[in-house]
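*Asks:* Just lifted these from TrEMBL, have a look:
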{"type": "DOMAIN", "residues": "44-152", "note": "domain 'HU'"}
{"type": "REGION", "residues": "176-248", "note": "region 'Disordered'"}
{"type": "COMPBIAS", "residues": "184-203", "note": "compositional bias 'Gly residues'"}
{"type": "COMPBIAS", "residues": "211-248", "note": "compositional bias 'Gly residues'"}
């Protein structure tokens, strides 16, 4: 069962301009001035759509995962499985740093993705221009889309849960869900803490997917994703040009 909550996100193509207008309005109010009518009119054009955001129910450590594997009738002990998993992690890192792509059956492929600062010419580009080395996961067939086998359960967002708990502790009978409250253990998965909204690129396109609530990561939301500066695009998409890669 996959728990999910609902989050409202702006879908305007000019979201950056709208967020800038909001900042100017807030600054004008702090200064005791009347906000510019152009800014207030622009903010009124903001359109928000409802999107789903997942909430994990538990964090499966290697030890917990090994115990779960043994519950499926494995002949190996939990300690044996844990040791193998730890060795797999170390060996994967070793092989990736040797420039190899690791193919783990239905789990998928693991390879490296480089980020770099651009140089004026190819002659001036050196290894010093490389700024980051990330791990890229290209999911196998069983992990490309889990929708057909998934069951969903609607729950309150973590920020809403935190607001309710805070109200109970304070003896209040009403809860204002618009007031940002940072939940214990992290914020919502859209990259915000509490119920706040994070500015940035627009999430144009209603088919954007969202990240995991509580993990502090955000998936691609329509066309509003931005990559690292100078990312080496030639490594994206795997051998067959698929677009299901996940970067770590």
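Each residue's number is its place along the chain shown, starting with 1.
Cβ atoms here come from the backbone N, Cα and C positions, even for glycine.
Not measured: the values here are computed from a predicted model.
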*Asks:* In the predicted model, what is the mean pLDDT computed over the domain 'HU' (44-152)?
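*Replies:* Average per-residue pLDDT within the domain 'HU' (44-152): 96.
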*Asks:* When DSSP states are grouped into helix, strand and coil, how many residues of the domain 'HU' (44-152) land in each?
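*Replies:* Once the DSSP states are binned, the domain 'HU' (44-152) shows 42 helix, 30 strand, 37 coil.
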